[in-house]
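J.: Heads up, here are the entries from TrEMBL:
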| type | residues | note |
| --- | --- | --- |
| TRANSMEM | 100-121 | transmembrane segment |
| DOMAIN | 138-192 | domain 'MIR' |
| DOMAIN | 201-256 | domain 'MIR' |
| DOMAIN | 259-313 | domain 'MIR' |
């Protein structure tokens, strides 16, 4: 005999209970399958079969009948088909458990914003200030300043990068660069006889021997008797390091006019001590690795096209006298 009970349980699903005394009775696994089997037409059993088994369809029995059958009758089989949410526990979660991830993201954003403000406010004011414009007049140049040097005739900046010459000395190449916003055109101005430490914030007088250190690679502006790649004049390169320098890095500052100290609006020349060549550039350009950049070299004649001007950079103020 098969007993069928359909009810809605508290969790929103439909339960089917079967009590089968016939070992050949198969379990029904879902509501649709159950309905199909009950409503499907059947063939009347033979007299012999009718004597051995009798299938009777009943209405729903009370829940107590199933409770007693489960303890005293044959095996009870229960199938459930979900028709709604399996649990209402998610709706009863505390507010902080639902929003903890959003709160974590907000906390991280506030922390990074605070860190950015802290770093901005703690920058050194001397180097955090905007560079002085090349149009400024009367600004005195001091040791330790980080300044671009512009060739007056072509308006190209003295430039270097970690690329060696393919001929000559094979040292780090020096060129003229056309763009104003190039980071490889900054040079630090140091005394020649200060060993390897720049004497900062003192004015630079005409006739003084100075050294120019490339800001990015930390090598010194250098010259020697090797021939330059394009024109065959004296090669100008970058050589040495913070702890390595020689007289090949010494340049004499020559100021045009009556000024005794170097100011930003003054025209200057740099004459190499060992070779006697003036720092020079022209409009002949490289075509390969340094394409678009022009040659920088040394020439022994004092000419109008080997004049340079202080341009963009960080100009350190003069040190106060004690």
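From the backbone N, Cα and C atoms, a Cβ is placed for every residue, glycine too.
Are these features on the surface or tucked inside, and what touches them?
T.: Taken together, the residues of the domain 'MIR' (201-256) have an average pLDDT of 95.
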J.: Which sequence-distant residues neighbour the transmembrane segment (100-121)? Criterion: at least 6 residues beyond either end, Cβ under 8 Å.
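T.: Sequence-distant neighbours of the transmembrane segment (100-121): none found.
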J.: Taking DSSP states H, G and I as helix and E and B as strand, how many residues of the domain 'MIR' (138-192) are helix, strand and coil?
T.: 3 helix, 27 strand, 25 coil
J.: What does the DSSP secondary structure composition of the domain 'MIR' (201-256) look like, as residue counts for helix, strand and coil?
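T.: Final tally across the stretch: 3 helix, 29 strand, 24 coil.
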